[in-house]
Amino acid sequence: MDIKKKDIRALTKEQLRDFFEKEGDKAFRGNQVYEWLWNKGAHTFDDMTNISKETRQMLEDNFVINHIKVDVMQRSSDGTVKNAVRLHDDLIVESVLIPTKTRTTACVSSQVGCSLDCKFCATARLKRMRNLNPDEIYDQVVAIDRESRLYFDRPLSNIVFMGMGEPLMNYNNVLKAIDKITSPEGLGMSPKRIVVSTSGVPKMIKKMADDNVKFKLAVSLHSAIDEVRTSIMPFNATFPLASLREALVYWYEKTKNRITYEYVVWEGINDKRKDVDALVQFCKFAPSKVNLIEYNPIDDGQFQQAKSEAIDMYQQVLEANNITVTVRRSRGKDIDAACGQLANKG
Ligand code: SF4
């Protein structure tokens, strides 16, 4: 890649219009190029067949189009598809297509590696290398939409930001990508079908509420006891549960959107009655529901899925307290595509 050339997809439509005006062309040319880049998914300037050859050459001289490339695509026996996606600087991230009877969901990455250090997570071992650009996030979704149409004969229906990285540590780019995904000039998806899942960065949760975002919020909670949560998610020492709770109450008051708590029950870590009781108390601060997620051990086996009796206890106690709870089976385990397993093993 020529490092002096700018990624043309980093420009807004207005900036593209300005560029053409400065070049002595019509601003309208910016609209045409923008449409090629986003609606028609042009991978090269030569794809832009209604743009003159001279103009295409001028674009070639000034810009690059940094499309992602699906390097390796794996299909699980349960239909799950995992893409290892190569970026323009040869770094790799992973994204996953999860099909069910009624929906196909894209699980996308927001960073290469992750700056947080959750002990149970394979991505944490990669450390954070860089944030993804909005177009790199958008392209993952487009690639999965294409695979959904190809393999399941239907468009992508939902998106979760639960792949590699902490989305709120790359907030501006995630927001720009979602703008594009939901815009009629992009994929035109409803923001209600998008979930941003965070490990819980209080000031960013408040910022999202202030920004009046329309997508849904999920929090990887895993424990409502500070001591336990800090031992598995060390950043909880900096942002303890009281500050997370305050931010979530603020979120609900502003958005009136119910919060989903993602929760894994591990043997010997959070599988006791006191853990459930703490979760029940935490759920009472703002309208919420709980997803109990099956865990997929990563190589060293330090964390093990709790026994089914512990999951049953969680379910019963939560339901007895009128808290909606779902138990989510994991998908794509055989290709390391399940929650917490994305680590560029290839
Ligand atoms: S669980 Fe999420 S926030 Fe925690 S280290 Fe893994 S990718 Fe980062």
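Each Cβ is built from the backbone N, Cα and C atoms, and glycine gets one as well.
Features of the protein shown, as given by TrEMBL:
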ACT_SITE  Glu94  active site, proton acceptor
DOMAIN    100-334  domain 'Radical SAM core'
BINDING   Cys114, Cys118, Cys121  [4Fe-4S] cluster binding site
BINDING   Gly165, Glu166, Ser197, Ser220, Leu221, His222, Asn296  S-adenosyl-L-methionine binding site
ACT_SITE  Cys339  active site, S-methylcysteine intermediate
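Sequence features annotated in TrEMBL and their locations in the structure.
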| residue | record | DSSP (3 states) |
| --- | --- | --- |
| Glu94 | active site, proton acceptor | strand |
| Cys114 | [4Fe-4S] cluster binding site | coil |
| Cys121 | [4Fe-4S] cluster binding site | coil |
| Gly165 | S-adenosyl-L-methionine binding site | coil |
| Ser197 | S-adenosyl-L-methionine binding site | strand |
| Ser220 | S-adenosyl-L-methionine binding site | strand |
| Asn296 | S-adenosyl-L-methionine binding site | coil |
PLDDT averaged over every residue in the domain 'Radical SAM core' (100-334): 93
Closest of Cys121, Gly165, Ser220, His222, Asn296 to Glu94 (active site, proton acceptor), Cα positions, binding-site residues only: Gly165
Least surrounded among the binding-site residues, given as Cys114, Cys118, Cys121, Leu221, when other CB atoms within 10 Å are counted: Cys118
Filtered recorded positions, from Glu94, Cys121, Glu166, Leu221, Asn296, whose Cβ is under 6 Å from an atom of ligand 1: Cys121, Glu166
Surrounding CB atoms that lie within 10 Å of the CB of His222 (S-adenosyl-L-methionine binding site), all protein chains: 26
Cα separation, Ser197 (S-adenosyl-L-methionine binding site) to Cys118 ([4Fe-4S] cluster binding site) (Å, whole number): 14
Least surrounded among the binding-site residues, given as Ser197, Ser220, Asn296, when other CB atoms within 10 Å are counted: Asn296
Integer Cα-Cα distance in angstrom, His222 (S-adenosyl-L-methionine binding site) to Cys121 ([4Fe-4S] cluster binding site): 12
Chain-internal residues near Glu166 (S-adenosyl-L-methionine binding site), provided their CB is under 8 angstroms and they sit 6+ positions away: Ser110, Gln111, Cys114, Ser115, Leu116, Thr198, Ser199, Val201
Cα separation, Cys121 ([4Fe-4S] cluster binding site) to Gly165 (S-adenosyl-L-methionine binding site) (Å, whole number): 10
Of the binding-site residues listed as Ser197, Ser220, Leu221, Asn296, the one whose CA lies nearest the CA of Cys121 ([4Fe-4S] cluster binding site): Asn296
Site with most surrounding Cβ atoms, counting all protein chains shown within 10 Å, from the recorded positions Glu94, Gly165: Gly165
